[in-house]
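Feature annotations, courtesy of TrEMBL:
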DOMAIN    38-287  domain 'G-protein coupled receptors family 1 profile'
TRANSMEM  20-42  transmembrane segment
TRANSMEM  54-75  transmembrane segment
TRANSMEM  95-117  transmembrane segment
TRANSMEM  137-161  transmembrane segment
TRANSMEM  196-222  transmembrane segment
TRANSMEM  234-257  transmembrane segment
TRANSMEM  269-289  transmembrane segment
Amino acid sequence: MNETKVMEFILIGFSEFPDLQIPLFVFFFLTYLATLTGNVLLMTIIRLHRHLHVPMYFFLSILSFSETCYTFAVIPKMLVNLITGQKAISFTGCAVQMFFFVGFGGTNCMLLTAMGYDRCVAICKPLHYKVLMSDRVCSHLVAFAAVTGFTLSLIVIYFIFTLPFCGGKEINHFFCDMAPVIQAACTENNGIETVIFIFCIVVVFGSFLLILLSYLLIFNTILQIPSTEGKRKAFSTCASHLTVVVVHFVCASIIYLRPKSAYSLQEDTLISVTYTVVTPLLNPVVYSLRNKDVRFALRKGLGKKL
């Protein structure tokens, strides 16, 4: 068969909405700016205020950094494509984009798991908290999340980009996500899709199960607290994390934990906007609005009195 190796892909993105290219650019640009500002501000607040130098906020600052890098892998290219109308991305550029997107996405899942474990230890084993969540343990958890996330990402990239791509190939998405790129290959690739599905099960479903286990232990401990006020205070320490977890894993499950027959790339593009543009903004907003320690540090940093 006469095959021509693909040197670049065409990201269809939002081409079916030609009249909305500028409004979409403005919306995504402002949202991205708010996301960067919020996450950088949150990292700065945690860095500058010593009373926030505890495991929960250490994980939160790492998550904010990871979310910032996660969006940087996708959104700037999308904004350039919207404003210039140039939809091309090189073969190598597509692989690099997917590597960082999947790597930081997997890292985020495991960081949220580590944060769930932190809340579980704080509520269920308060007397052993400093030992079980020492600086060394926290650093090891973050290192494990990053190394595992990017190792699995490298494996996925290898399997996907060793597929044969021939001729001019269009990707029906605004970035190089796994399913659209696989569907652009000029061969049947059921084995590759199985590998990707296993990857998603390990990272997404596995992380969610560990978080669920943490919260089962947390709720069991909270139910044993005699006072209503004590229960309220214990649960309030988990509310922000639980909100972010629900949104994050619902979006990830809709996209990555479905059978092939349920795929709709048009719908996936719209859902992907949520977890690549909107969800990263949720992290600093939720923790800023719901967390009194962060609000106090923010007001102090702005020179305002409580």
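Glycine is no exception: its Cβ is also placed from the backbone N, Cα and C atoms.
Where the annotation comes from TrEMBL, it is an automatic prediction and has not been curated.
Residues 56, 59-60, 62-63, 66-67, 69-70, 73-74, 77, 89, 138, 141-142, 144-146, 148-150, 152-154, 156-157, 160-161, 175-178, 181, 203-204, 207-208, 210-211, 214-215, 241, 244-245, 248-249, 252 of the same chain, all 6+ positions outside the transmembrane segment (95-117), place their C-beta atoms under 8 angstroms from a C-beta of that stretch.
Below 8 angstroms of C-beta separation, residues 55, 58-59, 62, 91, 95, 98-100, 102-111, 113-114, 117, 178, 181-182, 192, 195-196, 199, 202-203 of the same chain, each at least six residues beyond the ends of the transmembrane segment (137-161), sit close to that stretch.
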